[in-house]
């Protein structure tokens, strides 16, 4: 039984570390546990009609970090459990018999993981003494990774909001209605700028999966609502006779298709055309696509 607990503990530790590495260090950020937690929180938010707003994304990230901590703490506790109390030395006044073995193993594990080190219990078993520093190092690494993860999400959100705000301003100014009268070079430059921003957003969704679960409450910042306006711009630009304008419009259309493919394959799972995917994206975030 002791060997079984140790093996299960090691597997739990490795599973948690695998998810941390694939979420934070892998270019695609595709940890299965983190994605499952974020998707579950998002599903609850949709059931509540997104009343929590943008807090859903942050809450999901906190829960993911909590899941990682629990997996590490529980895994090490299962390793410690067979060695209690013989493998540990207790401070005067602390009686092991006053506590349940599993509760004591969890206490020792989480105190070590959080590097608190109260000093009331010390490992004396050689193998435990050798392994405990690795748990403390893991806890410190998790704390650092959590802070880094939160700081990394804001640049992608800013790029997404910037694109949404630009499209919102263009829609308010009825930019598409004036495309036929614009200078060709100016129009091509605007379309190329939009293409770059759409491509940036697509890469953000590829590399920062958690960003999808941040919902914008203010409509002008909600890319899910503003993005469909690009179709109106494309229709007007493709009607121009200039080759440069039509080429820039084609590049923008291609960037939009790639963004739609990313949203469909990694988040939404529905929508045959780009328009359908973007409509599904807006609906998933509780917004109506902008006309």
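Glycine residues also receive a Cβ, built from the backbone N, Cα and C atoms like all the rest.
Checked against TrEMBL, the range among 99-118, 159-178 recorded as transmembrane segment is 99-118. Proximity of distant same-chain residues to the transmembrane segment (6-25), defined by a Cβ-Cβ separation under 8 Å and at least 6 residues beyond the stretch ends, is recorded for 31-34, 64, 67-68, 71-72, 74-79, 82, 138, 142, 145, 148-149. Across the range of the domain 'Potassium channel' (102-152), the DSSP-based residue counts are 39 helix, 3 strand, 9 coil.
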